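Just below is one structure, and these are the notes that go with it.
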Amino acid sequence: MVAPVRKGEQAVTVVRRLAWELWLPALLIALWAIFSATSTDPYFPPLSEILDKFADVWFFEGIRTEIWPSLQRLFVGFALACVAGVGLGLALGVMTRVDNAVRPIVEFLRATPGVAILPVMILLLGLGDSMKVAIIALVATWPILLNTIDGVRSVEPVLHQVTASYRITLADRIRFVILPAASPQIFAGARTALAISIVAMVVAEMVGTPGGIGYYILDAQRGFKITSMWAGIIALGILGYLLNKLFALVERRVLAWHAGMTAHNRGGK
Amino acid sequence: MSPTATANAPGAAREVTPPRPAGSIGRAAARKRKTMSARLTSAAGKLVALAIVVVAWHVFVTGPGKASGIPTPLQLIETGADLVVTGQYWDAVGNTLLTALIGFGLSVLIGVPLGLVNGTYRKVEQSTSFVVDFGRTIPGVAILPLVLLLFGGTRTMAVVLVMFSAVWPILVQSTYAAQQLSLQMKQVARAFRLSPTSRIRDIYLPSSLPFLMTGLRIAATISLLITISAEFLGGADGIGQRLYQALTVDDTQRMFVYVFTAGVLGICLNRLLVLAQSRVLWWHPSERVNKP
């Protein structure tokens, strides 16, 4: 039972923690505002001007015309990568021989920096949306694929023996044994994949046809619309941050059982 | 320890080979023969897979993908052979490597000390947590237009961009590294009155190195990726810029050679890092688990 006094104490600790976490960002932003207020440097306009521009550009027209299309590409590409990565990863994880045979090719493709594949994609698919989605999906597939294979391999051998002796079908084995056991690893791969697919999205938009936040920033720079460029950079930063938080939220939900198990194994509750 | 740290801990994402079946010493010779033939089968499988890919590529390029102008594997090798004897090819490779290396080195110089301080003092970590969290999730290429304005299409531009992206994983992993030191170990060190050198060598380094190495590995991969991105988009000399040139003049043969060069660089970097890790962390469980 939690006494009301304890509750009050908890609230105080939360506030104190927030204060500790927020003073530095607040200070940095204040310093930025103060030092840029009288700035005449064309590349570093006053923060107040940037924020005016930010509100002007993004609320709410820009969100619909620039950010939303970017997000759509990102989600489609990332979803494709998840399906391909987990699907292929499961197959290769179960078929050891095939995995062993294609491993050098997979390693090579994984090690190739995503941007280097971009010209090939442009060659095959042009500068439009299909190229952008394809490059996002391609670079995001490898971390998910390799982590899925590792995850499948890390299933306890005893569990395999148990499922074999109960003659559990492959589909059920994947659904109830392999996937749950591999999911922490899969999520770790997906987290890496998300970060690089955001980079791929921005780069693809910068070279591709107009539209999207990456294009917006580079276009603003080329047109010497410096406040617009800053507004775009800030929006992209916030976008990256929020997407990561969203992913962490999903991960915590899906892997709640795993966190509980780890805590239990460590001797916690 | 956060879930990211677990996932990135050494060995977590490395290939796991099943342990070899234990046999008695008398069967050692038979086992050796068996591993020999197993190795041959495995190599044969790899060759077959490679052959299938090459043939499929050839068929695609000469058939449905003819319009794209992608070179056949043979043409690629021919163009590659012509190109690797030229100085300008090695200029591009050298420039890319140098840029990535400078950016990586500076990131280490900045990230490791900051991260260690960050991990040692709880209040410092709390204060910086939001800034670090925000910084590491910003896609590094976001500031590309800004650094382009400030530095133009130069190496400085690329290096700054690399630093902006690579410093975060190093900082974060160094923070974990500093937090790994358990209180008991500190007490043991004090009880035994270990000298500062011994403390660093026997207590601090072993507990923090695995995390530092993970940070370095992530950062090195990012450095190469961002270097090529900066060259591709910003025009600093290097592989990325050659790729862009080849793309604009539609020289697909040359383009593919540079794509493969980037891949080879990537895989060399990977091997090098794995090797370095097994050298430095040979005693760590993650390195010993699959070794005979």
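Every residue number used here counts from 1 along the chain in the order it is shown.
Heads up, the Cβ atoms here are built off N, Cα and C, so glycines get one too.
Copied over from TrEMBL, here are the features:
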- B:1-30: region 'Disordered' (REGION)
- B:40-60: transmembrane segment (TRANSMEM)
- B:93-277: domain 'ABC transmembrane type-1' (DOMAIN)
- B:97-118: transmembrane segment (TRANSMEM)
- B:130-151: transmembrane segment (TRANSMEM)
- B:209-235: transmembrane segment (TRANSMEM)
- B:255-274: transmembrane segment (TRANSMEM)
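By the count of Cβ pairs under 8 Å, the stretch nearest in packing to the transmembrane segment (B:97-118) among B:130-151, B:209-235, B:255-274 is B:209-235. Beyond the ends of the transmembrane segment (B:255-274), by six or more residues, the same chain brings 14, 70-71, 76, 79-80, 83, 89, 92-93, 96-97, 216-217, 220-221, 224, 228, 239, 242-243, 246-247 to within a C-beta distance below 8 angstroms of the stretch. Listed by sequence, the residues of this chain that lie at least six past the ends of the transmembrane segment (B:209-235) yet keep a Cβ under 8 A from its Cβ atoms are 5, 8-10, 95-96, 99-101, 103-104, 107-108, 111-112, 115, 140-141, 144, 147-148, 153, 157-158, 161-162, 165-167, 169-174, 176-177, 180, 241, 243-244, 262, 265-266, 269-270, 273, 276-277, 280-281, 284, 286.
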